[in-house]
Structure formats: structure tokens, C-alpha cells
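Working notes, beginning with the structure itself.
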């Protein structure tokens, strides 16, 4: 396998259909509840296994993708360390997801790296073990390794499979970078949303507890949300900056996308309760 290129490993985006912050622990981490669903819009990674342990990354965005570079290479190095694998890899990243938008681009790239190389290096680690490695790289990485829509709580690491409606989404991408750390450190952030139980999950009132604060700090996010709310139920994902509106039909979302002001960018994607990475793995 050392010379064979394994192409088209998807690293899908996710949406937080809601994000509720329930409190703050003594160690500073926040207790939260959120609902993750994937969309069929992805980065793509290609891998070529090498006989030496060296790791090399190429991307279509050069230095602009430095954060993702780090996570991809750190993921590969961690897998080498945990598994004792002496092989290496040359990796190509086709970056399509916006950086720092709250849709999980860097975390998803890291997860796909772990899943793909676990297969290509034949290291045979279980999904649970890969998820434990992924958690060292970021709180969202295990969700992408798990590959199923999930209700998450705790600091985001406790996952339960759920099956929300697979809507069509119009995702809008404000041209701002939101610092997750700054949002979670802000004293104005609500931290007292009552917890939902799994039984009341689908009937509960969904919101993003970070949304008002991010909109206040970033007028472009507020403007984008206000525009989208004219057409559909809309929320921010994660700590932003991306916002999404949900539609029953693809054409409805495309029609609204066609009305998008020239200073906004967006995409239409389908919700998916099984990720494209999980589907790719099932085909092997």
C-alpha cells in the first residue's frame, strides 16, 4: 500500500442544532448540552502511506490553513504514538469549509485523518479508542469519529445517538472570526439554561446560548441572522460565525440563496444523521 493514493476521504461539516450552557464547573469548563447533525458539505483528504514515519501535508490554501494543518499532523502523530505504527503518510487537504465558522472544519479534518490512517496503516484501533485520541485534539473531534448525529452533554464528550429531521439548510458564512475562548470567558454569556432530558429533547425549545453575545460583539453576524430570519427559522452554529436556516425542500433553500446580498456568502446542504465519513468507512 506504500505507493497507492487513497483519495476522497470526506471531512464533513456539522451544525449545532442547539447549544445550551447549563453551568460552569469548578475547573472552569462549561457544562453544556448540544445536538450535532452533519451536513453533506465537506473538506476532502487524500492519503499515501509511506514506509518511513515521516508525515507531510499539502493543502490548496497554503499558510491560510495553519490551524487545520496542526490538527491533521497532530492527529497522525498521536495515532503513531498510541499504536506504535512505524509507517508515515503524505496527506493532501482540499479545504472547502470555512475556518473558525462553528461548523467543525479543523476538528473534522483531524477526525478523518485518524479514521483514514487507522484503516490505511492497519492499526486496528476501535472506534472508542480513536474517539479517546480525538478528545485530546478537541472537544468536537469524537463527534466526527463517531459519525452519527448525537445529543452531547458534559463538556461535550458524552454522546447519545439521536435522529433529528434531515432538513435542507442554507448556511451563511459571515466574514468574521469568532474566538471560542473569548466567548466562553465573557461574563455576559448565559450559563443557567435548564437541562433537557433525552425524552423531551425533540419537543424542547432550541436556541444557541452564545448567539446574542456573538451578535453583539460581531455586527456582521447580527446582520446575517436578521436577513436569514426573514425566510426561515435560523440560528447560529457553535460559537459562530456561521448561521443556518432550515427548509423542507432543497429548492426553497436555493431560492433564498439566489436572493443573497452581494456582501454575503453561503451554501445549501442537506442534513445527515450518518456522516459521509461513516458511509465511506462502511463501503471498505
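Backbone N, Cα and C define each Cβ position, glycine as well.
Model, not experiment: these values are computed from the prediction.
Taking the Cβ of residue 14 (active site) as centre and 10 Å as the limit, one finds 26 other Cβ atoms among all the protein chains shown. Feature annotation from Swiss-Prot assigns active site to 14 (among others).
Of all the Cβ atoms in the protein chains shown, 18 others lie within 10 Å of the Cβ of residue 100 (ATP binding site). Following the DSSP three-state reduction, the secondary structure of residue 100 (ATP binding site) is coil. Here Swiss-Prot flags 98, 99, 100, 101, 102, 103, 104, 105, 106, 107, 108 as ATP binding site, drawing on sequence analysis.
All chains included, 25 other C-beta atoms sit within 10 angstroms of the C-beta of residue 140 (active site). The active site annotation in Swiss-Prot covers 140 (among others).
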Setting 98, 99, 100, 101, 102, 103, 104, 105, 106, 107, 108 aside, what same-chain residues sit with their Cβ within 8 Å of the center of the Cβ atoms that define the ATP site, listed in sequence order?
13, 97, 238
Provide the number of Cβ atoms within 10 Å of the Cβ of residue 108 (ATP binding site), excluding the reference atom itself.
29
Given the binding-site residues 98, 100, 108, which lie close to residue 140 (active site), meaning Cα to Cα within 10 A?
108
Fewest Cβ neighbours within 10 Å, where candidates are the binding-site residues 98, 102, 104, 106:
98
